[in-house]
Structure formats: structure tokens, C-alpha cells
Amino acid sequence: MQLACCCGSAACSLCCSCCPKIRQSTGTRVMYALFFLLVTVVCVIMMSPTVEMEMRDRIPFYSELCQKLNAGENCKRLVGYSAVYKVCFGAACFFCMFSVFTFGVRTSRGWRAAIHNGFWFLKFLGLLGCCAGGFFLPNQETFLEVWRYVGAVGGFLFLLIQLMLLVEFAHRWNQNWTSGIKYNKLWYAALALVTLVLFSVAVGALVFMALFYTHPEACILNKVFLGLNASLCLLVSLLAISPCIQRLQPTSGLLQSGVISVYVMYLTFSALSSKPIETVEKDGGNATVCVFPFNSGSESDNKIVTGVGTVILFGCVRSDCQCLSPLSSDDYEDEDRKGGGQYVMYDEREGTVYSYSFFHFVFFLGSLYVMMTVTNWFHYDNAKIERLLDGSWSVFWIKMASCWVCLLLYLWTLVAPMVCPKRFEA
């Protein structure tokens with residue numbers, strides 16, 4: 001059955017029959033997410049001088065191997081920001097082609113849907129071919145100059161889609177849990193507990209940033225934006241439970257506001273961590289202030305910063321690689337697989353449960369976001385993965401603007417029924 005999955009249209013599953021049931025649509029999205037994760041890991045490795053040094057020290061005949069591969073001295077052509085651009089160009093082309101290829105697919109019984117849901121080994125070879133092909137593009141300098149602007153636009157669009165999905169997720173979560181209260185009062189307790197935890201995390205993050213990212217004699221911009229973002233979070237929280245909003249949206253509550261507040265605090269923290277450092281005169285010298293508390297310059301602290309940056313990167317990508325639409329089709333037991341492996345439920349018998357084309361389009365934008373993130377956006381010349389949290393005004397403003405866009409999107413979902421009542425009467 002695994003051979004049919006790799007080289008045919010059969011759905012993928014794990015070999016172990018004790019694994020929990022999985023729907024075909026879920027398995028397909030997980031496989032594409034693994035492809036995307038592989039590209040991300042390769043880009044992180046390419047941007048790490050530490051990994052390059054380890055490879056040079058541990059791989060026998062490393063220099064000779066690089067010469068045979070025509071990769072330049074110490075494989076310089078296979079590492080650095082230009083290599084990341086080429087790999088992400090290949091990944092973006094791969095997902096863009098599938099986005100176009102699956103456009104308009106409404107049923108899983110067609111040949112285009114079969115290719116989307118199967119032939120994983122062949123698609124893996126296609127992804128490798130696309131990524132490798134980026135290294136053979138003509139006019140490399142012109143390509144890199146143009147592609148970075150394409151990546152900036154695509155990366156920002158990825159952030160916008162991520163914010164819209166987050167707002168939609170927050171509303172759906174509150175609606176589902178609120179509807180369960182009339183059947184079991186424990187849902188009310190769970191709703192209150194999660195809301196309390198979310199606001200506790202948001203307040204804790206605010207206090208943390210106030211302690212470590214402000215200074216009595218410097219960091220005025222940090223103080224302004226911390227106060228502004230905290231005030232906006234409080235404003236939308238009060239608005240969500242106001243009588244005028246509750247009258248039109250009874251399911252609106254503090255759970256959504258808690259989710260949005262935590263995310264805004266995360267973006268604020270990420271923005272302040274990406275801001276160029278500031279110094280003040282202290283004890284006859286210049287002292288760095290308002291920086292990430294663990295970034296003291298030692299080797300161990302640099303590893304901590306690298307780990308945090310990588311987790312943040314994967315977290316951003318992962319939030320969009322989840323389900324882009326809810327699974328709503330019924331499970332059909334008569335077509336379930338029972339071939340000794342994991343139990344697969346074919347949930348797309350009557351139609352697709354998510355947009356194949358949009359799913360690949362998000363991965364296309366995600367490839368550009370990864371490219372821009374690991375190369376420090378427009379400061380790629382001295383970019384290293386170990387310096388992912390180092391200062392950059394472009395990254396700071398992009399992330400700070402994302403905070404305000406997120407709040408505006410959530411605010412619009414609250415006031416839209418008041419502004420356009422006829423549209424929301426149904």
C-alpha cells in the first residue's frame with residue numbers, strides 16, 4: 001500500500017495499524033507540510049555558518065567534493081542568502097504550478113485530484129528538481145535583485161493571510177465552545193479557564209517586555225508602541241463585550257480578544273527583538289539596553305537565540321499549514337482502508353473539503369516568507385541564521401505593522417454588522 005501511495009493515487013498512511021484514524025484530506029495536507037518543512041530546514045542549514053564549519057571539519061575530502069560538484073571553494077555556491085533564494089524559488093515554483101494545476105477542482109474523483117492526493121515519490125523528485133534548477137538560472141545577479149522584491153510582497157501577503165486565518169479561528173473557536181454550553185455547563189468552565197490563561201499570558205508578555213525592552217533613559221519608541229498596542233488590545237476586548245456588539249453578535253466574547261491579544265503581544269515581542277540595538281552611557285562607556293535578555297554574546301546564549309528564532313519561524317509557517325478550511329464531509333466506512341496499516345477514512349467522496357488551489361497558493365507565499373525571514377528580509381548580505389533576532393528596521397516595521405493589521409481585522413469583524421446590517425441579517 002505504501003508503494004501505491006508513493007507512485008500511485010492511493011492515500012498515504014503510516015505502516016503501523018495501531019496509529020489513530022486519519023482522513024485522506026488530512027493526510028494529504030500533512031504530506032505537503034512535510035515537503036515544506038524539509039525546504040525550510042534546508043534553508044536554515046544553508047544560512048548557518050556553524051553548520052558549514054561542521055561539514056567542512058567532519059566530512060572527509062570536503063574541499064575535493066566541492067570541486068567535483070563545481071560548487072566553488074568550500075561549496076560557497078551551496079550556502080548563503082543566494083542559495084536560499086534559489087531553493088525557495090524552486091519551492092515557490094513547485095507550489096505555484098500545483099496551485100494553477102488544481103484550480104477549479106471540486107471533486108476528488110478526477111485525475112487532477114488523484115495527482116494532488118498521491119504520487120508522493122514522484123512529486124518529491126519534482127520538488128528536488130525545481131529546487132536544483134534554481135542554481136542553473138541565467139543572469140544570477142538580476143534574478144536575485146528582482147526575486148527579493150517578489151519575496152517581500154509574497155511574504156507580506158503571507159502575513160496578511162495568517163492574520164485573517166487567526167481571526168477566523170478565534171471566532172470559530174468561541175462559537176463552537178459557546179454552542180456547547182447549552183448541552184454541558186463544563187464548556188462554560190473550560191471557556192472561562194482558557195480565556196483567563198490567554199489574558200494571563202498576554203499580560204505576562206507585556207510585563208516581560210516592559211522590564212527588558214524599556215529603559216529610563218532610552219528606548220522611547222519601545223515605550224510608545226508597548227503602551228499603544230496594550231491599549232488597543234484593551235479597547236477591542238472591551239468592545240467585544242459591549243452591549244451594542246453583544247446585541248448583534250451574541251457569540252462575541254473575551255476568548256477571541258484573548259487570542260488576538262496574545263498574538264499581538266507575540267508580534268510586538270518579535271518586533272522589539274528585531275529592532276536595532278540602542279546604547280546609553282554608563283560608567284564611562286556605552287552599554288547596550290533594551291535587548292533580548294539571553295542575547296549576551298556568549299556562545300551558549302547565541303544558541304538560545306537561534307533556537308528561539310527557529311521556533312518562531314516554524315510557528316509562523318505552521319499556523320498556515322494547518323487546515324485552511326474545516327473538514328465537513330462525512331466519513332465513509334465502506335471505502336476505508338484496512339490493509340494492515342493506518343486506518344484511512346476517505347472523507348472527500350462527495351467533493352473536496354478544502355480548496356486545493358488556495359492551499360498550494362498559501363504554501364507558495366509561505367516559501368517566499370521563509371526566504372525573506374531566514375535572510376533577514378532586505379539585509380541579506382550579512383544575514384546568518386544565528387542572527388535571526390538581530391536588529392533590522394525593515395523587519396521591525398513589518399512586524400509592528402502586522403500587529404495593527406491584526407487588530408484592525410478583528411475590529412472590523414466586530415463592527416461590520418453595525419456598519420453593514422443588511423449584509424449580516426441572514
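From the backbone N, Cα and C atoms, a Cβ is placed for every residue, glycine too.
TrEMBL annotations: computationally assigned, not manually curated.
Per TrEMBL, transmembrane segment is recorded for 30-48, 83-105, 117-137, 149-167, 187-212, 224-242, 353-374, 394-415.
Here the transmembrane segment (83-105) sits against the transmembrane segment (353-374); at least 3 CB pairs are under 8 Å, leaving out pairs fewer than 6 apart in sequence. Counting C-beta pairs under 8 angstroms (sequence separation of 6 or more), the transmembrane segment (353-374) reaches the transmembrane segment (30-48) with 3 or more such pairs.
Comparing 30-48, 187-212, 224-242, 394-415 for CB pairs under 8 angstroms to the transmembrane segment (149-167), the maximum falls on 394-415. The list of residues near the transmembrane segment (394-415) in space but at least 6 beyond its ends in sequence, with Cβ under 8 angstroms from a Cβ of it, reads 156, 159-160, 163-164, 166-167, 170-171, 225, 229, 232-233, 236, 239-240, 245, 249, 252, 256-257, 260, 263-264, 267-268, 270-272, 274-276, 376-379.
Residues 202, 206, 209-210, 213-214, 252-254, 256-258, 260-261, 264-265, 268, 271-272, 400, 403-404, 407, 410-411, 414-415 of the same chain, all 6+ positions outside the transmembrane segment (224-242), place their C-beta atoms under 8 angstroms from a C-beta of that stretch.
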